[in-house]
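Residues annotated as heme b b562 binding site in Swiss-Prot, with similarity to another entry given as evidence: HIS83, HIS182. Marked as heme b b566 binding site by Swiss-Prot: HIS97, HIS196. According to Swiss-Prot, the ubiquinone binding site annotation covers HIS201. Here Swiss-Prot flags 33-53, 77-98, 113-133, 178-198, 226-246, 288-308, 320-340, 347-367 as transmembrane segment.
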Amino acid sequence: MTNIRKTHPLMKIVNNAFIDLPAPSNISSWWNFGSLLGICLILQILTGLFLAMHYTSDTMTAFSSVTHICRDVNYGWIIRYMHANGASMFFICLFMHVGRGLYYGSYTFLETWNIGVILLFTVMATAFVGYVLPWGQMSFWGATVITNLLSAIPYIGTNLVEWIWGGFSVDKATLTRFFAFHFILPFIIAALAMVHLLFLHETGSNNPTGIPSDADKIPFHPYYTIKDILGILLLVLFLMLLVLFAPDLLGDPDNYTPANPLNTPPHIKPEWYFLFAYAILRSIPNKLGGVLALVSSILILILMPLLHTSKQRSMMFRPFSQCLFWILVADLLTLTWIGGQPVEYPFIIIGQLASVLYFFIILVLMPITSTIENNLLKW
């Protein structure tokens, strides 16, 4: 008799995706981040659901409802901090996952890569609207500053901003709709993630060498299920260390002050995972130019397959490209640091140089370096 997991209509799908899936025999720990992102998403949806049971999306009570969750709800504090720090873990995994894709040339799977970029945008949107919900000072002013950027769009900008706000400023209507968006978006992310997996399983996984691995496949279970479980344990360990020992390490103290439209905080800045994009936005003195640079900094990922000039897929055997990749990582870390600094000398010029370098490496240096490597190998 054939095993039920291979015949049952639903179990067959699960089987082909997580059990009998043929996987390359040499994929490293950099391939763990996909499953970790899945775990992060499930964790965020569950903790978010329990928070939503006690949260009220009204300007008068939002801040105190979050305080109530932390003080009066059973284990409310741990649920709240798991959700807040879970977002940070989500973005750490996302950046590692995207970095892996860039390093090993996974972007040549066009459909998978493009859905991935859409997923990145959706997760960033979810995190942004979620940050507004506690209705602290940084929530309010972050929402005001970022939504205001849309007013840079010619002709329709002002109308668009007021339409999103639901009035003439960030107020009750804005908070209510942001809560609605924050609730629905994770389920859209889950659906997109399934499409992402669907496209991936059409082609099979890439591997560190970038060479087709059809001749050497192993079943996903038990080899990679056990490897994923180790990754999950390390993720949960790191998350719980943050939650239990330094829950506010990555947050902003200003968000413990209730939102006050009459008092602007001295330094308005987003959460750490948006700082690199915020630094690029601030490095251009023109409003529309800054917005375009901000969007381009993420949208540039869609161009990666077009900018790939190397005859090899992966960077594994391309030392010059490897150097450039790690310079790009250092540049992004520099931008992250600059995004959290005040707008004054020398941070302005450092931010501008780092922003120019970011686009220059991706658009100019990487394609040229790949061509040089091809010539050195006489290809």
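Just so it is clear, glycine is given a Cβ too, placed from its N, Cα and C backbone atoms.
The highest tally of CB pairs under 8 A with the transmembrane segment (226-246), across 33-53, 113-133, 178-198, 288-308, 320-340, is held by 33-53. Within the set of binding-site residues HIS83, HIS182, HIS201, the entry lying nearest in space to HIS97 (heme b b566 binding site) is HIS201 (CA atoms). Taking Cβ-Cβ distances under 8 Å and a sequence gap of 6 or more within the same chain, the neighbours of the residue listed as 'ubiquinone binding site' are ASN16, ALA17, LEU21.
The stretch from 178-198, 288-308, 320-340 that makes the most Cβ contacts under 8 Å with the transmembrane segment (113-133) is 178-198.
Its Cβ taken as reference, HIS97 (heme b b566 binding site) is surrounded by 20 other Cβ atoms within 10 Å in the chains shown. Residues near HIS83 (heme b b562 binding site) in space but far in sequence (CB under 8 A, at least 6 apart, same chain), listed by position: GLN44, THR47, GLY48, LEU51. Less than 8 angstroms from the CB of HIS182 (heme b b562 binding site) sit GLY48, THR126, VAL129, GLY130, LEU133, each of them six or more residues away in the same chain. Of all the Cβ atoms in the protein chains shown, 21 others lie within 10 Å of the Cβ of HIS196 (heme b b566 binding site). Long-range contacts of the transmembrane segment (288-308) within the same chain, counting only residues at least 6 positions beyond its ends with a Cβ under 8 Å from a Cβ of the stretch, are 98, 102, 105, 107-108, 110, 113-114, 117, 120-121, 124, 149-150, 152-154, 276-278, 280-282, 355, 358-359, 362-363, 366-367, 370.
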